[in-house]
Amino acid sequence: RLELRCERDGGAGAELRLDAHPTLSVSRAALLPPPGGPGDPAGQALPVENRPFTSYGSALHISLPQPPRAGQMLTLLIDYEAGEGPGVCWLAPEQTAGKQKPYMYTQGQAVLNRSFFPCFDTPSVKFTYSATVKVPEGFTAVMSATSWEKQKDNTFVFKMSQPIPSYLIALVVGDIVSADVGPRSRVWAEPCLIEAAKKEYDGVIEEFLVVGEKLFGPYVWGRYDILFMPPSFPFGGMENPCLTFVTPCLLAGDRSLADVIIHEISHSWFGNLVTNASWGEFWLNEGFTMYAQRRISTEVYGLPYTCLEAATGRALLRQHMDATGEDHPLNKLRVVIEPGLWGINPDDTYNETPYEKGYCFVSYLAHLVGDQSKFDAFLQAYVNRFKFQSITADDTLAFFLEYFPELKKKGVDSIPGFEFDRWLNTPGWPPYLPDLSPGQQLMKPAEELAELWAADGLNVEAIEAVDITGWRTYQLVYFLDQVLQKSPLPEGNVERLSKMYPKISKAQNAELRLRWCQIVLKNNLEAEYSKVKDFLHSQGKQKYTLPLYRAMWGGSEATRALAMETFSATAPQLHVNVQNYVKKILGLQVAE
């Protein structure tokens with residue numbers, strides 16, 4: 001049921017167009033009488049037609065009895081069936097952690113929720129919602145909503161009282177249970193994971209929320225709960241309001257991957273509260289969120305560790321730009337997404353640029369201000385000014401110059417080489433890089449150790465003198481990134497490295513496993529190919545899965561065979577988008 005208000009006269013004539021999907025079958029559309037007014041409670045039936053629109057959706061054309069007037073309220077009832085589309089994911093029991101019961105979840109970002117329900121599927125429109133969900137016995141439903149109530153007959157009622165864009169509506173139904181981990185937080189997971197989830201996140205979430213509120217203003221969503229998804233979930237996290245979805249890869253057992261949680265928490269202000277009006281300016285969501293994440297991390301973990309984490313982010317941006325070519329059109333902050341049948345699918349624009357180049361641009365704005373506390377105050381004012389709205393980069397930058405009139409007078413938007421326009425519209429490496437030198441105290445030892453391992457004759461004495469037992473995850477990740485860059489290593493070195501650091505080569509931590517698998521492949525270490533296979537069997541996160549298939553496909557006959565064998569065994573447990581991306585890498589036919 002859609003409650004609509006006509007914004008202005010004569011815009012669309014007597015027709016309403018909604019985003020939908022070919023897999024969505026509509027049986028009836030009706031105009032309901034005004035609440036409490038006269039008329040048939042079943043409503044007046046309206047002609048409805050689902051027409052082709054883009055490669056990733058269709059347009060639902062609904063004919064209204066007459067053109068609505070500005071300010072007029074309309075209530076529309078649409079009876080439909082959905083479930084086959086890309087936004088609704090059905091998992092067989094073997095794709096879950098418990099392997100006993102099936103599971104379903106929805107993933108809306110960027111343009112998938114139109115296959116879950118007819119809507120205005122654009123981040124430029126925000127609305128409140130409510131839902132009543134009836135599920136079979138033995139299952140629980142949860143949604144991205146401010147209130148959640150279980151009624152009789154296994155029926156759950158949800159309300160989201162704050163306006164949000166369509167992509168943030170999310171539903172999960174599965175055999176899931178919860179445990180409290182803070183005054184406004186609980187973790188949700190399958191029963192077999194709940195203990196691990198509680199142990200990993202007990203007490204830490206509140207600490208991150210408090211720091212976020214201190215920096216960016218009140219947390220407006222009430223609860224902040226985390227749902228640990230089945231292993232096939234394709235993302236690290238999805239910032240659905242009140243209920244972040246995360247990969248079970250975050251259950252590292254040592255609290256070392258909490259930066260992903262900090263990232264999703266940061267979206268509570270940047271993305272969910274202040275939202276990009278178009279997917280072509282995704283950096284407004286992600287660049288600001290990376291900046292906010294690193295501000296919180298600096299407060300919680302200190303500057304050196306945060307700079308180290310940012311350096312691994314910069315390395316990912318470097319890898320991405322080397323792979324695509326710097327001047328690739330996706331490597332600018334403002335991406336042109338043409339509407340229509342042959343336009344770009346916003347989901348295919350997903351890459352490191354809006355995150356890490358966006359982070360560099362926000363850091364550049366902070367650098368122009370030159371005072372951290374003043375820039376923090378600006379961020380808080382920015383959130384307050386645009387909360388519950390969807391905005392463009394022009395809005396953001398105009399507000400920045402208005403907030404700092406002395407910078408506007410100086411013309412900081414057009415400093416040669418650093419023009420705001422260049423940041424937005426020119427592809428390539430960021431013109432400004434924030435100073436990460438405080439991370440040197442952690443990076444230098446990692447770089448030196450990698451040098452030692454890349455040498456022709458190993459200096460075993462020097463290697464044994466370096467104690468890595470105290471290194472935290474990102475220091476190890478940084479070390480492995482250096483080793484990967486220097487790979488293939490001289491004959492025999494990788495085998496020695498594997499034996500010497502079981503903490504790395506036998507790691508359960510997904511970030512370490514990814515890097516170790518990449519090193520194994522780059523060095524043709526056939527004895528450990530099974531680790532690559534095991535890792536790809538254990539999870540289906542896009543960020544871990546695609547680089548490994550690329551590495552296998554770009555390698556030897558043996559690694560290509562490994563890729564084919566692994567994919568044919570794991571394809572059914574992967575998200576359909578990830579299956580298609582892997583098929584592209586392996587040169588297989590992608591079903592439209």
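Including glycine, each Cβ sits where the backbone N, Cα and C put it.
TrEMBL lists GLU264 with the feature active site, proton acceptor. In sequence order, GLY237, MET238, GLU239, THR244, VAL246 make up the list of same-chain residues 6 or more apart from GLU264 (active site, proton acceptor) whose Cβ falls under 8 Å from its Cβ.
Among the features that TrEMBL reports, active site, proton donor is placed at TYR355. Cβ neighbour count for TYR355 (active site, proton donor): 22 (other Cβ atoms within 10 Å of its Cβ, all protein chains included).
The peptide binding site annotation in TrEMBL covers GLN107, GLY108, GLN109, PRO234, PHE235, GLY236, GLY237, MET238, GLU239, LYS541, GLN542, LYS543. Shown in sequence order, GLY87, CYS89, ALA170, PRO234, PHE235, MET238, PHE245, HIS575 are the residues of the chain, 6+ apart in sequence, with a C-beta less than 8 angstroms from the C-beta of GLN107 (peptide binding site).
Residues or ranges marked as Zn(2+) binding site in TrEMBL: HIS263, HIS267, GLU286. Within 10 Å of the Cβ of HIS263 (Zn(2+) binding site) there are 22 other Cβ atoms, across all protein chains.
This prediction places the mean pLDDT of the domain 'Peptidase M1 leukotriene A4 hydrolase/aminopeptidase C-terminal' (441-586) at 95. Under the heading domain 'Peptidase M1 leukotriene A4 hydrolase/aminopeptidase C-terminal', TrEMBL lists 441-586.
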In the chain carrying GLN109 (peptide binding site), residues 6 or more apart in sequence that have Cβ under 8 angstroms from it: TYR167, LEU168, MET238
Among GLY237, GLU286, GLN542, which are binding-site residues, the residue with the most C-beta atoms within 10 angstroms of its C-beta: GLU286
Cβ atoms near GLU239 (peptide binding site) (within 10 Å, other residues, all chains): 24
Nonlocal residues around HIS267 (Zn(2+) binding site), in sequence order (Cβ under 8 Å, 6 or more apart): GLU239, ASN285, THR289
Zn(2+) site, defined by HIS263, HIS267, GLU286: further same-chain residues with Cβ within 8 Å of the Cβ centre: GLU239, GLU264, SER266, PHE270, GLY271, ASN285, THR289, MET290, ALA292, GLN293, TYR355
